[in-house]
């Protein structure tokens with residue numbers, strides 16, 4: 001959330017941010033409400049001052065025996081009290097409206113962020129891991145076909161049980177997912193992260209605190225009730241990312257200067273309704289309704305957030321470096337940055353099994369596995385997370401940052417395609433072998449049920 005003072009003093013910067021991020025918000029109404037609210041607060045102060053003066057004279061007038069003047073003062077005091085009540089009621093209504101309207105304003109991008117309208121104008125900063133990439137089969141089988149051939153991914157049964165956009169990982173596929181999660185957690189523990197295992201349901205108030213609500217209500221899974229129905233602060237939703245509960249751990253709290261920086265990591269399943277709206281990405285596990293992820297959340301002093309941002313990026317990249325997966329780093333332009341971010345980098349892993357329009361020149365496609373974001377004080381204001389620089393100083397809002405460390409299904413896609421062998425097996429990355437009881441190769445398993453038989457082998 002932007003502060004009232006910032007919006008009041010820098011309306012053109014806010015207007016530029018609305019244009020840069022393509023956000024539709026009524027800034028003129030916000031400024032109008034803020035001005036009227038301040039006028040009413042000033043009028044309220046005047047009325048309280050006048051009423052106190054009048055009230056203080058009532059006793060003196062009665063003591064002096066001037067009953068008519070005393071009665072007139074009493075009536076004047078009551079009139080001032082009534083007017084003050086009306087002014088305060090109107091001011092309260094305006095303040096509530098102003099708070100709602102401020103939630104519709106996005107974070108102002110950093111001045112050095114690339115300016116652009118869409119992902120086409122994101123800036124590739126560098127590539128890693130391509131100089132010594134492994135030899136691939138002449139024709140790489142896409143993960144969704146290979147996963148079914150090896151019987152480690154089951155899309156049909158996932159859809160049968162839960163609907164489209166859900167899947168089963170099985171056998172070595174399930175072990176590989178578990179291995180990835182444990183490997184990622186170990187990597188980030190080495191980087192100084194403390195583990196948090198968060199609750200899966202989160203309140204609407206928590207979703208507002210991190211900026212998912214009110215803008216992205218339609219993408220969330222509501223626990224009871226329709227998404228388009230009104231909701232209260234306490235209504236529960238399935239978490240779309242562990243960023244929500246971990247950031248809101250400290251909502252409405254004041255941390256001490258000695259506490260900072262706080263670095264938490266959290267594994268969780270994540271739930272999003274948006275899957276299935278992106279063409280060819282609906283095949284396989286690139287874009288699904290439920291997926292596993294390790295999230296990194298940082299709470300820092302304002303003066304440290306720029307440096308910590310680059311440190312967080314390196315910490316997320318470490319996972320891909322140790323898996324020996326080629327990837328690239330993009331800096332997001334203003335139009336593709338997101339509602340809450342001041343600055344954002346994406347890490348995209350190379351998956352060679354499916355060619356994409358505008359994809360890498362060597363074929364295949366890029367898959368986003370992490371977004372590393374600096375929110376500055378935007379989330380901290382929404383969730384009212386503060387810190388006290390010194391014990392006797394005023395508290396101020398800290399800065400929050402987060403990044404995925406990283407999304408599991410898309411890394412699984414990259415492994416199945418990049419570590420694929422000519423014989424249709426998959427080599428287990430060396431870094432994951434200790435997490436799979438030393439297994440070095442995924443060869444698949446025997447399929448179960450009549451559906452695994454050819455038509456000629458089935459009984460009538």
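Note: Cβ is positioned from N, Cα and C throughout, glycine not excepted.
Among 288, 297, the residue that Swiss-Prot places alongside 272, 273, 274, 368, 369, 370, 371 at the ATP binding site is 288. Per Swiss-Prot, the L-serine site holds 241, 242, 243, 404; the candidate it also names there, chosen from 190, 194, 295, 348, is 295.
Feature region 'Disordered', per Swiss-Prot, maps to range 109-129 of the set 88-108, 109-129, 130-150, 151-171.
Summarised by DSSP class, the composition of the region 'Disordered' (50-71) is 19 helix, 0 strand, 3 coil. Considering only the binding-site residues 370, 371, 404, the Cβ with the fewest other Cβ atoms within 10 Å is that of 371. Here the candidates are the binding-site residues 241, 243, 295, and by Cα distance the one nearest residue 273 (ATP binding site) turns out to be 241. The Cβ centroid of 241, 242, 243, 295, 404 marks the L-serine site; residues of that chain outside this set whose Cβ lies within 8 Å of it are 244, 246, 266, 268, 270, 293, 294, 296, 297, 402, given in sequence order.
Note on the region 'Disordered' (50-71): residues 77, 80-81, 84 of its chain, located 6 or more positions outside it, place their CB under 8 angstroms from a CB of the stretch. Across the fold, the C-alpha of residue 241 (L-serine binding site) and the C-alpha of residue 272 (ATP binding site) stand 9 Å from each other. Figure note: comparing Cβ neighbours within 10 Å for the binding-site residues 274, 295, 368, the maximum is reached by 295. Cβ neighbour count for residue 242 (L-serine binding site): 27 (other Cβ atoms within 10 Å of its Cβ, all protein chains included).
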